[in-house]
């Protein structure tokens, strides 16, 4: 009972901070709400929090992430997603793997990592989180193609990065020696096959299970046409699919995304009453808002600032490496894609795609998770690098995205 009370007090504490930030950012357009939450968390951490708060990977991956993914899934434009599916898949899978490869090559030189640790670092730090960027897009009226590609890439590459992370971490656990190079764990060919099979299983398995579950859920809701039943079914769908696929070793992220998209698309075609549809949409908007609120405040509170100061030069190098790895992949990859796409992705969009790489929720969840199995010195280094990159991209990229869009003249 005491533990439950502590959790409730912690939740109320986070919401109180969010309410204050909301009032302040509403009066000032200079600071985005998500960045305001992060800054508030940093301030609370600096002055000392009266509440002991621990951010765990399970809390992010099993509580917050399903809500964030499902909310995006039920609100995304499915037709636009299909139209840009080739570009989204290429960026989310090929682009992410190439970016991780760049980190794997440069990481040992810059940070002294083994190649295996560099691959692990790449899988942790490269997935993107466009929450604050999409808020700017909506405010400025960015063209639909750009918004859907940024959002779609982010949703899918979370699942891909978790697959790569799991493969490398499994190898670590099997050998019980993180310093062993990949050549001693498995040959490069076997590694690529393992990752490739993992991605195929994650994508195909996630889509199949999620789509079937989403279809069944939509039919159940249409048959009952009760607003509260619809909300309960959608909650079971989002978290049930995620937990099931996560337990089976495939991608809960991709499964939840597919489930939400099919559920929303099918609901539009069935006899679901408009009021029921609106209630479900509102429920998930609130759930997504609360999840983001808790996440960004918590990140600010738990960011290990002494470590960030200690590893300052390495963090600067990590920020440069992350942007370099993204840019060196996006421009050539999109150039190749444009030869085959019916609607080309202009260079101005490519600039935004590069700058929209905010690395926060999934990256932090994975680095918190890996800290449980790696030796302390390496864990501290990875914590500092990942939290440093997350803080920089959230505060700088998210805050300056509006200016970049205006400068490029691509807002409608």
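We count from 1, first residue shown onward.
Just so you know, glycine gets a Cβ as well, placed from its N, Cα and C.
Nobody curates TrEMBL annotations by hand; they come from automatic prediction.
If you check TrEMBL, you get these features:
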- 16-404: domain 'Cation/H+ exchanger transmembrane' (DOMAIN)
- 6-24: transmembrane segment (TRANSMEM)
- 36-53: transmembrane segment (TRANSMEM)
- 59-81: transmembrane segment (TRANSMEM)
- 88-121: transmembrane segment (TRANSMEM)
- 191-216: transmembrane segment (TRANSMEM)
- 228-245: transmembrane segment (TRANSMEM)
- 280-303: transmembrane segment (TRANSMEM)
- 315-340: transmembrane segment (TRANSMEM)
- 352-370: transmembrane segment (TRANSMEM)
- 382-405: transmembrane segment (TRANSMEM)
Selection from 36-53, 59-81, 88-121, 191-216, 280-303, the stretch that has most Cβ pairs under 8 A to the transmembrane segment (6-24): 36-53
Cβ contacts under 8 Å made by the transmembrane segment (280-303) with residues that lie 6+ beyond its boundaries: 11, 14-15, 17-18, 21, 34, 37-45, 49, 53-55, 60, 63-65, 67-68, 70-72, 74-75, 131, 221, 227, 230-231, 234, 267, 360-361, 364, 387, 390-391, 394
Contact yes or no, the transmembrane segment (228-245) and the transmembrane segment (191-216), 3+ Cβ pairs under 8 Å, gap 6+: yes
Intrachain neighbours beyond the transmembrane segment (352-370), with Cβ under 8 angstroms and 6 or more residues off its ends: 55-57, 60-61, 64-65, 68, 91, 120, 123-133, 142, 146, 149-150, 153, 158, 161-162, 165, 169, 295-296, 299, 322-323, 326-327, 330-331, 334, 345, 379, 382-383, 386-387, 389-390, 393-394, 397-398, 400-401, 404-405, 408, 410
Residue numbers, six or more beyond the limits of the transmembrane segment (59-81), whose CB comes under 8 Å of its CB atoms: 88, 131, 144-145, 148, 151-152, 155, 158, 234, 237-239, 242-243, 246, 252-253, 256-261, 263-265, 280-281, 284-285, 287-288, 290-292, 294-295, 361-362, 364-365, 368-369
Non-local residues, at least 6 beyond the ends, that sit with Cβ under 8 Å of the transmembrane segment (315-340): 86-87, 90-91, 94-95, 98-100, 102-103, 106-107, 110-111, 122, 125-126, 308, 350, 353-354, 357, 359, 384-385, 388-389, 392-393
Residues from the same chain, set at least six apart from the ends of the transmembrane segment (191-216), whose C-beta lies under 8 A from its own: 93, 97, 159-160, 162-164, 166-167, 182, 185, 237, 240-241, 244-245, 248-263, 266
Same-chain residues near the transmembrane segment (36-53), Cβ under 8 Å, at least 6 residues beyond its ends: 9-10, 13-14, 17-18, 20-22, 24-25, 292-293, 296-303, 305, 391, 394-395
